[in-house]
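Only one structure is covered here, and it is reproduced in the block below.
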Amino acid sequence: MTEEEMKKMSSMEGVVSVFPNEQMKLHTTRSWDFLGLTQQASRAPTIESDIIVGMLDTGVWPESESFSDEGFGPPPSNWKGICQSPQNFTCNKKIIGARYYRSQGFFYPGEIPSPRDTEGHGTHTTSTVAGREVCKASLVGLAAGTARGGVPSARIAVYKICWSNGCSSADILAAFDDAIADGVDIISLSVGGGPQNYFSDSIAIGAFHAMTKGILTSNSAGNSGPTAGTVTNVSPWSLTVAASTIDRRFVTNVELGNSEVYEGVSINTFTLSKSLYPLVYGANVPSKTNPSLGSQSRYCVLGSLDATLVKGKIVLCDQFGVTEQYEAGAIVLLCKGEITKMLSGPFPYLHPIEPMATIDKSITTKDESAPYVVWFSSRGPNPITLDILKPDLTAPGVDILAAWTGATSITGVAGDNRFAPFNIISGTSMSCPHASGAAAYVKSLHPTWSPAAIKSALMTTATPTNTTQNTDTTQTTLAEFAYGSGQIDPVQAANPGLVYDAEESDYIKFLCGQGYTTQLLQLVTGSSNTTCSVSNNGTVWDLNYPSFSLSGPANASVTRVFHRTVTNVGSPVSTYTSTVFPPPFMSVDVEPPVMKFTALGQKQTFVLTVSGVAIADVMSGFLTWDDGVHQVRSPIVAHSLSCGQFIQCR
């Protein structure tokens with residue numbers, strides 16, 4: 001469709017908006033224990049069983065033990081959805097609904113017109129949120145233990161929107177509409193594309209519609225880090241989740257023929273039958289059948305190696321760009337001529353005449369430095385609204401064990417015959433469902449809380465993250481632009497003390513204050529009753545957000561005034577005192593410095609003023625409200641990163 005045709009269609013009666021049908025990407029368990037949400041954590045099992053999590057992903061493998069409905073009663077009374085059940089797909093009392101979408105109108109070879117997951121991604125994310133407990137789970141012995149989701153008693157509604165060529169905007173919007181009408185409580189979406197203005201972003205639009213119906217949408221931040229300004233899914237009514245480590249990691253030893261041993265962080269499920277194998281350098285064994293890829297054989301790019309020359313050998317690869325298929329310093333083990341990836345650090349190689357090596361099976365070790373944000377997790381600042389801090393928080397997204405499809409191997413690479421009921425993968429796709437599960441947990445304990453209140457509770461109780469561990473070697477120290485408010489703490493989030501609440505009218509004021517016309521506003525809201533007027537015009541600094549962010553030119557004086565309102569959800573009678581740690585070279589004033597509450601639900605307003613000179617690219621501090629029981633913490637971030645400097649804004 002041409003731009004002229006889009007404009008013509010936009011003016012037709014009954015058409016809300018027209019924008020390109022973009023193809024988006026999937027953002028590819030001790031984890032819950034690491035977060036403190038143990039099997040013994042306080043729960044409301046009856047209410048949790050009435051929580052419905054909507055999963056917009058690649059579908060689900062319903063036969064997985066993680067989705068057994070043994071012991072479950074009938075679906076919640078508010079459930080209004082259906083189960084599309086072609087191709088031998090059956091729902092149960094755990095997976096209570098399932099749909100699939102294919103606006104493209106046709107299916108590629110191997111794709112099944114069904115909610116069934118043939119990729120693995122959706123099964124993994126779904127079990128991370130709400131999979132029931134499965135004992136003796138592992139990936140071929142790795143990460144052995146009990147696998148479970150954050151809310152194992154919750155119900156699951158599946159919306160298959162992603163296929164082999166991506167996830168279309170049209171399908172995403174259709175799935176949002178259905179999930180809202182079906183009665184889900186939380187929406188989890190580990191999908192994203194490039195940054196888009198809110199009025200042309202199908203995820204932002206769908207999440208806005210969900211928010212108006214009391215449904216929080218949890219989104220992955222993206223896997224384009226560590227460069228500044230790469231974060232996606234940045235609408236302020238959504239929860240944007242970065243990826244961080246847990247205190248478990250897998251390491252593998254590589255022993256060379258001269259008995260030197262090198263340890264790398266990797267996952268290798270093989271036990272080699274011989275002590276030593278020939279070691280070849282990728283550049284010396286390029287593919288003769290794929291000359292265009294052969295030039296990349298030094299990096300072991302898929303299809304770049306000569307299968308005959310590397311069969312039964314270990315291939316050494318050079319470090320490559322982090323956006324390529326094979327990450328830095330990959331060692332590739334070839335079995336029957338096919339390639340299986342192992343991730344490790346680079347090590348020296350002096351090209352001996354007949355080099356030999358062997359690779360041990362991976363072992364589990366403790367990572368004492370966890371949690372820290374992993375390199376691939378997309379960073380802020382927010383490329384759409386510079387003064388809304390994104391990501392909002394971080395959650396485990398590295399080496400996560402969860403359920404897997406029976407339709408593909410653990411790598412998805414042709415010739416890999418290792419099929420397993422569980423798999424270990426990494427990405428913000430894995431961190432997003434942890435935040436979704438945490439949100440569902442809070443919702444089960446506070447069913448009447450709004451999406452903004454749940455989001456606020458998760459953010460203000462997040463564990464401050466080690467800044468040193470999140471100092472990037474790019475142009476800037478990104479700190480909060482890596483982890484937002486910190487790592488989620490689900491148990492603390494259930495009792496935050498105060499919340500920064502917001503509703504549809506607050507976000508409308510925000511959008512109007514961003515220069516939106518009534519026409520653009522209605523593209524987001526989907527309602528002809530919403531307008532941008534003088535009374536609806538608010539500044540970005542007055543949106544009742546649980547964090548504070550301000551931007552300005554480098555080495556120039558800047559003053560920003562933030563108005564905030566907090567609602568008491570802790571102790572009925574309480575006094576909160578403010579503590580401020582200001583960003584370097586800046587002053588922060590809070591008025592009033594003390595707030596007294598006499599009842600639950602009571603609201604108090606305060607003004608925070610930040611003044612000074614932005615010397616560094618990013619400077620951070622924080623505000624904490626403390627009543628002796630609750631510590632309500634919000635980051636304060638000042639930065640001089642501007643559009644066109646390190647980031648491309650829209």
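Residue numbering: from 1, along the chain as shown.
Every residue gets a Cβ built from N, Cα and C, even glycine.
According to TrEMBL, the feature active site, charge relay system maps to Asp57 (among others). The secondary structure of Asp57 (active site, charge relay system), as reduced to three states from DSSP, is extended strand.
The active site, charge relay system annotation in TrEMBL covers His121 (among others). All chains included, 26 other C-beta atoms sit within 10 angstroms of the C-beta of His121 (active site, charge relay system). Under DSSP, His121 (active site, charge relay system) is assigned to a helix (H, G or I) in the three-state scheme.
Per TrEMBL, the feature active site, charge relay system maps to Ser429 (among others).
Mean pLDDT of the predicted structure over the domain 'Peptidase S8/S53' (49-486): 87. What TrEMBL records for 49-486 is domain 'Peptidase S8/S53'.
According to DSSP, the domain 'Subtilisin-like protease fibronectin type-III' (542-637) comprises 1 helix, 61 strand, 34 coil. The domain 'Subtilisin-like protease fibronectin type-III' annotation in TrEMBL covers 542-637.
There are 29 other Cβ atoms within 10 Å of the Cβ belonging to Asp57 (active site, charge relay system). Distance from the CA of His121 (active site, charge relay system) to the CA of Asp57 (active site, charge relay system) is 7 Å. Of the recorded residues, Ser429 (active site, charge relay system) and His121 (active site, charge relay system) place their C-alpha atoms 8 Å from one another.
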